[in-house]
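Features as listed in Swiss-Prot:
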{"type": "DISULFID", "residues": "Cys35-Cys56", "note": "disulfide bond"}
{"type": "DISULFID", "residues": "Cys39-Cys51", "note": "disulfide bond"}
{"type": "DISULFID", "residues": "Cys45-Cys60", "note": "disulfide bond"}
{"type": "DOMAIN", "residues": "25-63", "note": "domain 'WAP'"}
{"type": "SIGNAL", "residues": "1-24", "note": "signal peptide"}
Amino acid sequence: MKLGAFLLLVSLITLSLEVQELQAAVRPLQLLGTCAELCRGDWDCGPEEQCVSIGCSHICTTN
């Protein structure tokens with residue numbers, strides 16, 4: 001019985017860690033319903049990128 005309880009505990013901890021990783025990966029997708037101000041001008045973007053307006057959002061994209 002103790003071995004079964006131990007295996008259950010390890011399984012739950014592993015599942016919890018995997019769920020936390022998935023939540024962290026999904027967070028950027030939450031910007032889809034809101035305005036994302038990721039840049040204010042081309043100077044906020046990388047060397048081969050430019051700041052563009054998409055709806056109410058501003059994001060960096062490659063040329």
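Glycine too: its Cβ is placed from the backbone N, Cα and C atoms.
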Cys35, Cys45, Cys56, Cys60 as disulfide-bonded residues, winner by CB count within 10 A: Cys45
Inter-residue C-alpha distance, Cys60 (disulfide bond) and Cys51 (disulfide bond) (nearest angstrom): 4
Cys39 (disulfide bond) versus Cys56 (disulfide bond) - Cα distance in angstrom: 12
Rounded inter-Cα distance in Å - Cys39 (disulfide bond), Cys45 (disulfide bond): 7
Where Cys60 (disulfide bond) sits in the secondary structure, as DSSP reduces it to three classes: strand
Largest tally of Cβ atoms lying within 10 Å of a Cβ, found at which of the disulfide-bonded residues Cys39, Cys51: Cys39
Collapsed DSSP category at Cys39 (disulfide bond): coil
